[in-house]
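Trainee: Dropping a structure here in structure tokens format, bear with me for questions.
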Amino acid sequence: MARLAINVDHVATVRQARRASEPDPVTAAALAELAGAHGIVVHLREDRRHIQDRDVQVLRQTVKSKLNLEMAATREMIQIALNIKPEMVTLVPEKRQELTTEGGLDVVSFEGALEEAIKTLHEGGIAVSLFINPDPRHIKVAHRLEAEYVEIHTGMFAEADSYTRRQEEYERVVTSAKLARKLGLGAHAGHGIGYQNVLWLRNIPEIQEFSIGHAVIARAVLVGMERAVREMLALVNG
């Protein structure tokens, strides 16, 4: 049975639109857990556009399942992670002008810097996942870097504009997930996953966890957080 981790970034996006105190992503995370979510994900960006330092601090105290902190591999963020001590850190690329994370980490070009970041996080007792494109080369580098997990970027699959293209991208995800598991890495998937396309991805037995945010938060606006999470859980393990 695959696990479902809920990203609550966009609850904070609504809050920050008015620089208000609500909706609170901490409350949303608690509701997601009550509905059966296996983990909570937040991305503390360098520009603090949605999730704030306070959110991560309070979530560390309140999350009962697993807290996964997405972040860039910068000195500032690594120190924050060492102070907060989430169960897992997912290292992601970050550009200030992007609306959301646009692609996977270039682990090939930045292997040296990532090696140092991963070593530091491991010394702090934190498991590491790398958000990477579905590329066998990147899977192999992640293994060489001794990351515990990879999160396979499913954005190209989700945004495919034809059935043929979607099938091609799906096969890339399948191949990457199989290789990750063969090498002993945990295989997660995330980005662009919704209530329709998850029906494809749930058929990949090697994927152990789905990280889903925008689709669930958008659905929650209409039907409530708990129902939105329960519906996605039913699809993930249908």
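Using the three backbone atoms N, Cα and C, a Cβ is placed for every residue, glycine included.
According to Swiss-Prot, the active site, proton acceptor annotation covers H43, E70. Among the features that Swiss-Prot reports, active site, proton donor is placed at H191, with the record citing sequence analysis. Residues annotated as 3-amino-2-oxopropyl phosphate binding site in Swiss-Prot, with sequence analysis given as evidence: N7, R18, G192, G213, H214. Per Swiss-Prot, the feature 1-deoxy-D-xylulose 5-phosphate binding site maps to D9, H10, R45, H50, T100; the stated evidence is sequence analysis. Here Swiss-Prot flags E151 as site 'Transition state stabilizer'.
On this model, are these features tucked inside or out on the surface, and what's nearby?
Mentor: Residue environment of H43 (active site, proton acceptor) contains 24 other Cβ atoms, counted within 10 Å of its Cβ in all protein chains.
DSSP classifies E70 (active site, proton acceptor) as strand under the three-state reduction. Neighbour count (other Cβ atoms within 10 Å of the Cβ, all protein chains): 27 for E70 (active site, proton acceptor).
Secondary structure at H191 (active site, proton donor), as computed by DSSP, is coil.
Sequence-distant neighbours of G192 (3-amino-2-oxopropyl phosphate binding site) (same chain, six or more apart, CB under 8 Å from its CB) are T154, G155, F157, A158, E159, listed in sequence order.
Listed in sequence order, P25, V41, V42, H43, H50, I51, G213 are the same-chain residues six or more apart from D9 (1-deoxy-D-xylulose 5-phosphate binding site) with CB atoms under 8 A from its CB. Taken residue by residue with DSSP, D9 (1-deoxy-D-xylulose 5-phosphate binding site) is part of a helix.
Taking the Cβ of E151 (site 'Transition state stabilizer') as centre and 10 Å as the limit, one finds 31 other Cβ atoms among all the protein chains shown. Reduced to three states, the DSSP call for E151 (site 'Transition state stabilizer') is strand.
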Trainee: So for G213 (3-amino-2-oxopropyl phosphate binding site), how many other CB atoms are inside 10 Å of its CB?
Mentor: 24
Trainee: Taking Cα atoms as reference points, which of the recorded positions R18, E70, E151, H214 is nearest to H10 (1-deoxy-D-xylulose 5-phosphate binding site)?
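Mentor: Result for H10 (1-deoxy-D-xylulose 5-phosphate binding site): the nearest of the recorded positions is H214.
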Trainee: For R45 (1-deoxy-D-xylulose 5-phosphate binding site), just give me the three-state DSSP call.
Mentor: coil
Trainee: Kindly assign H214 (3-amino-2-oxopropyl phosphate binding site) to one of the three DSSP-derived states: helix, strand or coil.
Mentor: helix
Trainee: To the nearest whole angstrom, state the Cα distance for the pair N7 (3-amino-2-oxopropyl phosphate binding site) and E70 (active site, proton acceptor).
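Mentor: One finds 10 Å between the Cα atoms of these residues.
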Trainee: Indicate the candidate from N7, H10, R18, R45, H50 with the smallest number of other Cβ atoms within 10 Å of its Cβ, considering only these binding-site residues.
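Mentor: R18, out of the binding-site residues N7, H10, R18, R45, H50, has the fewest neighbouring Cβ atoms within 10 Å.
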